[in-house]
Amino acid sequence: MKMILTIFFIFSLLSLAHASVVDFCVADYNAPNGPAGYSCKPPSKVTVNDFVYHGLAAAGNTTNIIKAAVTTAIDAQFPGVNGLGISIARLDIAVGGVIPLHTHPGASEVLVVIKGTISAGFVSSDNVVYLKTLHKGDVMIFPQGLLHFQINVGGSNALTFNSFSSANPRLQILDYALFESDFPTKLITATTFIDPAVVKKLKSVLGGSG
């Protein structure tokens, strides 16, 4: 019993050591932004408006090559989420639209379908594909750092809201990393086995070079 109490006391100390010493850390956009996020705005300058965001009310512009739009409410736009380990985004996907394979290096993601029908999935580190068709009200999780995607497979526009376990989940889209960049075609071919002609065509479509 004494040993159990000792262990409990140690874990309690560790928990307290990691507890925040402030209620919040509203982003101060006038101060430098470092690896740990934005500096905290002085409490005397914090208002309720720092904790409210209106930017997700309107649909994003889906008249683009992927027929989709992502509107984010991360620390760069929503100062109240700074330091809290949370953020949110709105995803609009037109009929036939797609969010290509991408990763969020800094966060896991929870997606909830508000309207429409989408096919969504992710690939685990041992190359197992987890794929599901989602309808209104469905929720799906995408673990941190894993490649995942969403496609509108329905007959009407789709809308989802996506929450993240970080104030800045970051984003890397695989297609853009390869074909919108100056990654040399020869090296893309060598590392992906994609025909050079296909690589060049995709680079011309997405504006890449090399």
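Placed from the backbone N, Cα and C atoms, the Cβ positions cover glycine too.
The Mn(2+) binding site annotation in TrEMBL covers H102, H104, E109, H148. All protein chains shown were included, and the count of other CB atoms within 10 Å of the CB of H102 (Mn(2+) binding site) stands at 18.
What TrEMBL records for H104, E109 is oxalate binding site. Sequence-distant contacts of H104 (Mn(2+) binding site), defined by Cβ-Cβ distance under 8 angstroms and a gap of at least six in the same chain, are F142, Q144, G145, F164, S166, P169, R170, L171.
In sequence order, V22, C25, V26, A27, D28, N82, G83 are the residues near C40 (disulfide bond), counting only same-chain partners six or more apart with C-beta under 8 A. According to TrEMBL, the feature disulfide bond maps to C25-C40.
Among the features that TrEMBL reports, domain 'Cupin type-1' is placed at 54-200. Note on the domain 'Cupin type-1' (54-200): mean pLDDT across this stretch is 97.
Marked as signal peptide by TrEMBL: 1-19.
Here the domain 'Cupin type-1' (54-200) is broken down by DSSP into helix, strand and coil counts: 22 helix, 56 strand, 69 coil. For the recorded Mn(2+) site, residues H102, H104, E109, H148 set the reference point as the centre of their Cβ atoms, and the other residues of that chain within 8 Å of it by Cβ are T103, F122, F142, L146, L147, P169, L171.
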